Every structure is written in C-alpha cells, then in structure tokens.
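The structure appears below as structure tokens.
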Amino acid sequence: MQPTMSPINNGSSSSEPFPPFNNDHHYTTSDADELDLLDDTDTAAILDNDPLSHHYHHQQQQQQQQQQQQQPLSFKRKQKQTGIFSQPARLFNALIGRANPPRNSADIPPPPPPPPPIQPPTGATRLDYIPGNGGSKSDSLPTDWLAEGPGRRVGYEDLTAIDWIFEYTKERQRQRSLLSRTTSLGFPLLGFLQRVLDASQVWVILILSGLAVGTLTAWIDVTTDWLGDIKYGFCSTTDGGAFYLSKTACCYGYDEISKCQGWKTWGNALGVTSRGGVWFVEYAVYLVLAVMFALSASLLVKEYAVYAKHSGIPEIKTVLGGFIIRRFLGLWTLITKSLGLVLAVASGMWLGKEGPLVHVACCCANLFIKLFPSINNNEGMYVGPGCCSVGGKLTWDIARKREVLSAAAASGISVAFGSPIGGVLFSLEQLSYYFPDKTMWQSFVCAMTAAMVLEAFDPFRSGKLVMYQVTYSSVWHGFELVPFVLLGLLGGVYGGLFIKANMWVARWRKSATWLPGPVIQVVAVAILTALLNYPNNYMRAQCSDLVSNLFSECSKLTDDQFGLCKTGAASAGTIILLIFAAVLGFFLAAITFGLQIPAGIILPSMAIGALIGRAIGIIMEIWQHNHPNFIAFRSCEPDVPCITPGTYAIIGAAAALGGV
C-alpha cells in the first residue's frame with residue numbers, strides 16, 4: 001500500500017505536507033533520535049513557532065484575500081438555509097459531529113489556485129532568508145521590519161512588552177547590511193573605520209550621559225542646598241548682594257558658621273528682639289516655605305509629568321526587562337523630575353534624592369540615544385560573541401538601547417554617593433537581569449565620567465563628592481563586634497517593619513475613598529513634617545547635613561551644629577533625643593514614600609540607621625568611660641578615645657539601608 005502525505009494542522013490557514021513516511025520500518029532505540037520520537041502534535045507545536053511558516057501562511061492569506069476581492073460582486077439573494085430539525089439526516093450528522101454535505105454543487109466554492117512553491121535556501125544557512133524574496137539577501141533593512149501596511153510591524157504600543165527575537169533579528173540584519181556595504185567599498189581601511197564608528201556610538205552616548213549627569217547633579221546639589229537654607233535665613237553682605245548663596249557658601253572660610261556675620265536669620269531680618277518671638281517667627285517661616293516647596297513639587301508632577309513621581313527605580317527595572325513605557329524617559333519627565341526633586345528635598349520632608357538620580361541619569365541617556373537611530377530604533381539588549389572573525393569577515397557586538405540605559409543607571413548612584421564602583425555594583429545587583437563584562441566596563445566609564453564632572457564642579461566647596469564623606473583616625477576593637485552585630489539585627493528589623501508600614505499606608509490610601517487628591521495629601525504630610533521637624537534639633541536639618549554630622553569624628557569636626565561633641569554631650573538626654581528622632585523619622589518616611597512627588601528612600605533610611613547607631617555608640621562610650629577597667633576595655637590605648645560613636649553611626653546606616 002502506498003503511503004500518503006498527511007498535512008499537519010499548525011493553526012494557520014494552510015499547512016505544508018510532510019514527505020512520505022514508510023510505516024513498515026520499525027525504529028529501535030539504536031537508530032532513532034529525538035526527532036523520530038515526535039508525534040504529529042509535537043511537530044505541529046514546533047512549527048507553530050516557525051517564523052518562516054507564519055510568513056508563508058500570511059502570504060497565502062493575502063493571496064486568498066486578493067482573489068476574493070477580484071471576484072465580481074453578486075447581488076443575488078442567497079437562499080435561506082434549511083433548519084437543522086427539518087431533515088433527520090442533517091440532525092443526525094450534527095449530533096455525531098459529522099459535517100453536513102452541501103445542498104447542491106453550487107454551494108461548493110471553487111478551490112483557490114495553489115500558491116507558487118517557495119524555494120528554501122540552499123548551501124549555507126541563511127539567517128536573513130525571507131519567504132517571498134526569492135531567498136535573496138537585501139542590502140538594506142528589509143521592509144518586513146520597518147514598513148507599514150497589512151501584516152507589517154509599526155512599533156510597540158504603550159505598556160507592552162517587546163519582541164526580543166524580532167529586535168535581535170532586526171539588529172543582526174542591520175549589522176549584516178553594514179558589513180556588506182563597507183566591504184563593497186573597495187577600501188578595507190575605510191570600511192573598517194565605518195564599522196568602528198558604528199560600534200563607538202554606545203561609548204559616545206555613555207560619555208555624553210556622564211557629562212550631563214555630573215553637571216545636572218551639581219546644579220541639583222547647589223539649588224537644593226540654597227533652598228533648604230532659605231527656610232532659616234538668607235545671605236546678606238554689606239553691599240546687599242549674595243542672596244543666591246547658601247549658608248555654607250556665604251560663610252565659606254569660617255571654622256564656625258555660627259560666627260558668620262553675612263548670614264541673617266529671619267528673626268533678625270524682621271527685627272524681632274525677644275527670644276520667644278524669634279523662635280515663633282522662624283518656626284512660621286520654616287513652616288510656610290516647607291509647605292510651599294512641597295506644593296510646588298506636587299503640582300509640577302501632576303500637571304507636567306506624572307512619571308516623575310517616586311524614585312523611578314522599579315519602573316527602570318521594568319523597562320530594562322523589556323517593557324515599553326512611553327514618556328517615562330522623555331525630556332519633560334527629566335525637567336520635571338529635576339525641578340520637583342529640588343523642591344521636594346528642600347521642603348525638609350523625609351525623602352532622598354539618591355534613587356531619583358538614577359531615573360535622571362536614564363533620562364539623560366535616552367535623550368542622547370535619540371541622536372543615533374541605529375540604537376534608538378532597536379528596543380532590545382543583546383551582546384554578541386564579541387569582535388571576532390567569522391568566515392574571514394569581522395563581526396561586532398550588538399549593543400542595544402537597554403544596555404545603554406543599564407550602564408547609564410550606574411552614573412546616578414555614582415554621583416549620589418561619590419562611588420563609581422558602587423554605582424556599577426548597584427546596576428549589576430539591583431537593576432539588570434543580564435549584565436555581561438562589556439556592559440560592566442561601559443557602566444564604569446559612564447559612572448567615572450559623571451563622578452569626575454561632579455568633582456570638578458565641587459558643589460559643596462569641600463573637595464568631597466558627597467557631604468557625608470568621612471575618614472577616621474582611630475581603629476575599632478574586637479569587643480565592638482558585639483554592638484555591630486546588634487546594629488545589623490536592628491537594621492533588619494527596621495527594614496521589615498518599614499516595608500510592612502509603607503505597604504499598609506499604601507493600601508489605606510487606596511481603600512480610603514474619603515481622602516483628598518494627591519496634591520492635598522502632599523500638603524498635609526508636608527505640614528505634619530514641618531510641625532514635627534522644627535522643635536527637634538536633629539530633625540530640623542536636611543537629611544544630608546544630619547548624616548554628615550552623625551558620621552563625623554569629634555576630633556576632626558570643626559563646626560558642631562548639633563552639639564554632639566561638646567562637653568557633657570554623652571548623656572542619657574542625648575540618647576533619648578536621638579532615638580526619639582529615629583522613631584519619628586521612621587513614621588514620617590513610611591507615609592512620605594509613595595506620595596506623588598519625586599522621592600527616594602535611601603537617604604532617610606541611612607539617617608534613621610545613623611541616629612540609632614550614634615545612640616548605641618554613645619552608650620558604649622559612657623560605659624567605657626565609667627568602667628575603664630572592664631575586661632573588654634583592656635585593649636583600649638591610653639590617652640586615645642577608645643570608642644568612636646561616628647563608626648557606630650556608619651554601621652547603623654549601612655544596616656538600615658541593607659534592611660530596607
């Protein structure tokens with residue numbers, strides 16, 4: 001009996017038959033492979049994912065549609081179909097699932113003409129083979145990827161995932177087209193230079209992004225410092241100028257800022273003489289300006305760029321994972337994020353600018369990506385085998401848009417903490433799911449460029465990239481491992497409690513229908529924060545100033561703003577104030593993080609951990625001072641401070657940041 005060819009239904013309009021199969025041959029385990037063990041269902045499932053098959057069926061559907069359009073239209077009324085219960089045979093066929101025969105031969109549509117056979121590519125495997133093109137290799141981008149029309153790809157919609165295989169194939173075709181054009185010039189050196197220029201586009205984008213991020217961060221630091229100090233006073237010299245200077249810049253050169261004559265508090269500027277009157281006037285000005293800054297930041301986000309809210313790090317993770325979020329990295333988002341971040345931080349609310357700087361860095365990189373269509377038109381991220389020789393021809397790494405964004409994100413953490421390597425590690429561990437060695441080098445170059453630009457601007461006029469950069473002259477001792485472990489445990493407890501509290505607040509905001517709009521919520525939290533911050537000396541200052549003083553070593557501190565190093569500061573009262581400030585900061589940060597303003601959680605967590613760490617350090621200092629002969633303190637050197645509370649503040653800040 002002759003075997004017949006049976007078509008396989010793969011879910012399309014037509015199917016390709018398999019070659020004859022000899023049923024008389026019996027396979028054994030020795031001569032059968034995995035493909036021989038597949039049945040028709042498995043083979044159909046595999047063919048469903050074949051792009052060539054889909055393209056072939058799509059062409060057949062188009063040909064059938066064209067044939068139907070060419071047929072003349074008939075206005076003859078169709079005969080009414082006979083009901084299913086009118087004929088017993090049709091009823092029986094319907095019950096058993098058998099197809100009913102047509103009533104007459106006129107109901108049978110003429111079969112469509114067979115499509116022209118598709119000649120598969122011969123010889124070497126052709127990855128750029130497209131059905132319908134005769135297997136020819138195009139010298140430019142195929143219309144199947146870019147042209148509009150029926151069955152053509154026209155881009156991704158908002159809030160959709162990208163097609164990784166499609167983007168990878170499109171980039172490979174672009175690289176193949178570039179290679180064919182450069183090799184056909186007749187000048188090998190000129191073609192090589194063109195390929196080098198094409199491969200260097202990523203590095204140009206990253207260097208430009210580093211320059212932009214460093215410059216923008218310096219402006220954010222200077223403006224935030226000035227607006228934050230405006231809540232307490234202003235700079236006024238003898239000639240009446242320098243109003244635009246912050247307190248640090250106005251009193252530059254003074255060892256003790258309290259002796260600076262150029263800085264005027266609002267109480268002195270308004271002519272208030274009584275001590276109580278000065279306190280209430282400055283309290284009122286602080287409250288009004290803090291609320292005004294928070295209101296302005298909220299209005300900017302609401303009216304101009306809603307994607308500028310929060311830190312932006314979760315959305316960046318989503319984008320790097322292959323998701324499309326339109327306008328999330330646009331110009332308006334960058335401007336709104338920068339201005340809103342300055343106003344939000346200057347308001348004194350318990351939020352930070354470190355997380356939003358990652359979003360700012362990605363926005364800068366996205367703007368420079370638009371200058372290079374070869375990268376901007378490809379949404380994927382794939383790194384090829386590197387620069388190598390294949391078949392005597394040179395191939396290049398495939399650098400994509402998301403690879404550039406992943407590298408640019410490292411510069412945001414670099415300028416936030418003054419640590420380029422820390423930025424690379426952050427992007428490696430927290431943002432990207434795929435981080436090869438090449439991307440690591442690109443991240444380091446971008447992060448180092450941004451850090452060097454920020455250091456050149458020197459926004460704090462101290463030679464430091466960040467305000468809380470400190471060094472210690474004393475070393476720690478072995479017995480201090482016990483309080484260090486305790487701080488680590490407290491940091492983990494803080495992280496768990498903070499996450500639960502913040503999630504509870506978020507669910508409450510969503511379920512409470514009586515709550516006002518997002519702008520009123522920001523104003524309410526800003527009023528509450530200002531009312532609680534000003535009476536507490538530690539909470540009144542900016543988080544960056546607070547962390548800088550908590551980290552400092554008393555022997556190197558020139559201006560003791562909070563009185564932590566004065567005589568008698570190591571007392572129970574100081575410990576209670578530090579712990580009280582940490583508890584209030586915990587609740588304020590839990591309700592602030594999630595408002596419709598640019599806000600990060602890194603710096604508030606560091607401040608809360610530093611407050612707890614400084615308190616435990618003072619406890620250890622009091623214990624060592626009262627019991628110097630205790631067995632654990634015998635390793636302390638004489639005439640040298642044995643306990644450095646600033647070290648405990650750093651350990652506490654690191655523990656809290658790791659916990660959250």
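All residue numbers here begin at 1 and follow the chain in the order shown.
Placed from the backbone N, Cα and C atoms, the Cβ positions cover glycine too.
Look at TrEMBL and you will find 1-42 (among others) tagged as region 'Disordered'.
According to TrEMBL, the feature compositional bias 'Acidic residues' maps to 31-42.
As annotated by TrEMBL, region 'Disordered' applies to 54-82 (among others).
According to TrEMBL, the compositional bias 'Low complexity' annotation covers 59-71.
What TrEMBL lists as region 'Disordered' is 98-144 (among others).
Among the features that TrEMBL reports, compositional bias 'Pro residues' is placed at 108-120.
Taken from TrEMBL, the feature transmembrane segment covers 202-220 (among others). Away from its own ends, the transmembrane segment (202-220) comes close to residues 338, 341-342, 353, 357, 360-361, 364-365, 367-369, 371-372, 375, 399, 403-404, 407-408, 411-412, 415-416, 442, 445-454, 456-457, 459 of its chain (Cβ-Cβ under 8 Å, at least six residues beyond either end).
The transmembrane segment annotation in TrEMBL covers 283-307 (among others).
Look at TrEMBL and you will find 328-350 (among others) tagged as transmembrane segment.
Sequence annotations record features per position, and here TrEMBL assigns transmembrane segment to 356-372 (among others).
If you look up TrEMBL, you'll see 404-428 (among others) marked as transmembrane segment. Counting only same-chain residues 6+ beyond the ends of the transmembrane segment (404-428), those with a CB under 8 A from a CB of the stretch are 202, 205-206, 209-210, 213-214, 217, 316, 319-320, 329, 353-354, 357-362, 364-366, 369, 375, 381, 435, 439-440, 442-451, 454, 464-466, 469, 602.
Outside the transmembrane segment (440-457), and at least 6 residues removed from its termini, the chain residues within Cβ reach (under 8 Å) are 202-203, 206-207, 209-211, 213-215, 217-218, 361, 365, 403-404, 406-411, 413-415, 418-421, 423-424, 427-428, 465. Taken from TrEMBL, the feature transmembrane segment applies to 440-457 (among others).
The transmembrane segment annotation in TrEMBL covers 478-499 (among others). Long-range neighbours of the transmembrane segment (478-499) within the same chain, counting only residues 6 or more positions beyond its ends whose Cβ lies under 8 Å from a Cβ of the stretch, are 586, 589-590, 605, 608-609, 612-613, 616-617, 620, 632-633, 635, 643, 647-648, 651-652, 654-660.
The list of residues near the transmembrane segment (511-532) in space but at least 6 beyond its ends in sequence, with Cβ under 8 angstroms from a Cβ of it, reads 286-287, 290-291, 293-295, 297-299, 302, 347-350, 539, 584, 588, 591-592, 595-597. Here TrEMBL flags 511-532 (among others) as transmembrane segment.
Below 8 angstroms of C-beta separation, residues 298, 309-310, 349-351, 494, 497-498, 501-502, 505-506, 509, 518, 521-522, 525, 528-529, 532, 536-539, 601, 604-605, 607-608, 611-612, 614-615, 618-619 of the same chain, each at least six residues beyond the ends of the transmembrane segment (575-595), sit close to that stretch. Residues or ranges marked as transmembrane segment by TrEMBL: 575-595 (among others).
Positions annotated as transmembrane segment by TrEMBL: 601-623 (among others). Within the same chain, residues 311, 350-355, 416, 480, 483, 486-487, 490-491, 494-495, 498, 538, 543-544, 546-547, 550-551, 564, 569-571, 574-575, 578-579, 581-582, 585-586, 589, 592-593, 630, 643-657, 659-660 sit at least 6 positions outside the transmembrane segment (601-623) and bring their C-beta atoms closer than 8 Å to a C-beta of that stretch.
Using a Cβ-Cβ cut-off under 8 Å and counting only residues 6 or more beyond its ends in the same chain, the transmembrane segment (283-307) has close neighbours at 227, 230-232, 266, 315, 325, 327-328, 330, 332-333, 335-337, 339-341, 343-344, 346-349, 518-519, 522-523, 525-527, 529-531, 534, 540, 595-598.
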